[in-house]
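The following features are taken from TrEMBL:
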BINDING   Glu45, Glu70, Asp97, Asp119  S-adenosyl-L-methionine binding site
BINDING   Lys123, Asp155, Thr199, Glu200, Tyr201, Glu202  substrate binding site
Amino acid sequence: MRLRNDKNAKDYLAKQTKYIVLDPSLLKTDLKACFTNPNNPLYVEIGMGKGDFIINNAIKNPNINYLGIEKFQTVIVKAHKKALKHNLDNLMMLAYDANLIDQLLNQASVSKIFLNFSDPWPKNRHTNRRLTHPSFLAKFKYVLKEDGVIEFKTDNEGLFAYTINEVLLNDLQSYEILFLTYNLYQLKDNEQLINNIATEYEKKFVALNTRIKKVIFRYL
């Protein structure tokens, strides 16, 4: 479905004093200007969409700082309005291109990265646009701590197969798979499902009985 652009989104975000990172340089130089407790672990969701996932995570885990990155300002406005219903001091949002994340955040500053239902870019000529392409993963590695992990969820079989077979299993000297499932919602008693927080897309796919795939991995 095509995203309807909100021509007022940029002005709306520029006026906000809560939840929006107005000066991206502060994420490198003065994290306490963004979070009440800057020493808490930092979790980043890339492509946060309308915010259900990251907002509910921030509510559930007050001792973790959450940063939602989304390139579409129109979408961030929707997420921001949802966040305003809560009083959180561990959540920030930012309009930014994930391809520049290694310029946005300090090296080894992030404990976890979430990639939820990323654009699959199905055409072969667009492979390098996938967020699980090695060029992106190299940038994620730069900002992740030594024990940091990436959690990737998708409904898309092609993107998941590419990520597992052509990227992770093709370079076992660089990556270690910590958890893998091709059908998350069949794992009735597994902590990954018990503790799962669904995104907006995920809820729709589950209602259609679409299998949700998930992998958690780290760098070696």
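Note that Cβ sites are derived from N, Cα and C of the backbone, with glycine treated the same way.
This view paints the features noted in TrEMBL onto the structure.
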residue	record	DSSP (3 states)
Glu45	S-adenosyl-L-methionine binding site	strand
Glu70	S-adenosyl-L-methionine binding site	strand
Asp97	S-adenosyl-L-methionine binding site	coil
Asp119	S-adenosyl-L-methionine binding site	coil
Asp155	substrate binding site	coil
Thr199	substrate binding site	coil
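Here the binding-site residues are Glu45, Glu70, Glu200, and the one whose Cβ sees the fewest other Cβ atoms within 10 Å is Glu200.
Annotation: Glu202 carries the greatest number of neighbouring Cβ atoms among the binding-site residues Asp155, Tyr201, Glu202 [cut-off 10 Å, Cβ to Cβ]. Over all protein chains present, the Cβ of Thr199 (substrate binding site) has 23 other Cβ atoms lying within 10 Å. Taking only the Cα positions, the spacing between Asp155 (substrate binding site) and Asp119 (S-adenosyl-L-methionine binding site) is 11 angstrom. Put simply, of the binding-site residues Glu45, Glu70, Asp97, Asp119, the one whose Cα is nearest the Cα of Tyr201 (substrate binding site) is Asp119. Between the C-alpha atoms of Thr199 (substrate binding site) and Glu45 (S-adenosyl-L-methionine binding site), the distance comes to 11 Å.
Of the chain residues outside the S-adenosyl-L-methionine site list Glu45, Glu70, Asp97, Asp119, Ile46, Gly47, Met48, Ile69, Lys71, Phe72, Tyr96, Ala98, Ser118, Leu131 have their Cβ within 8 Å of the site's Cβ mean position. Non-local contacts of Asp119 (S-adenosyl-L-methionine binding site) by the CB criterion (under 8 A, 6+ apart in sequence, same chain) comprise Gly47, Arg129, Arg130, Leu131. Glu70 (S-adenosyl-L-methionine binding site) and Glu202 (substrate binding site) have their C-alpha atoms 17 Å apart, to the nearest angstrom.
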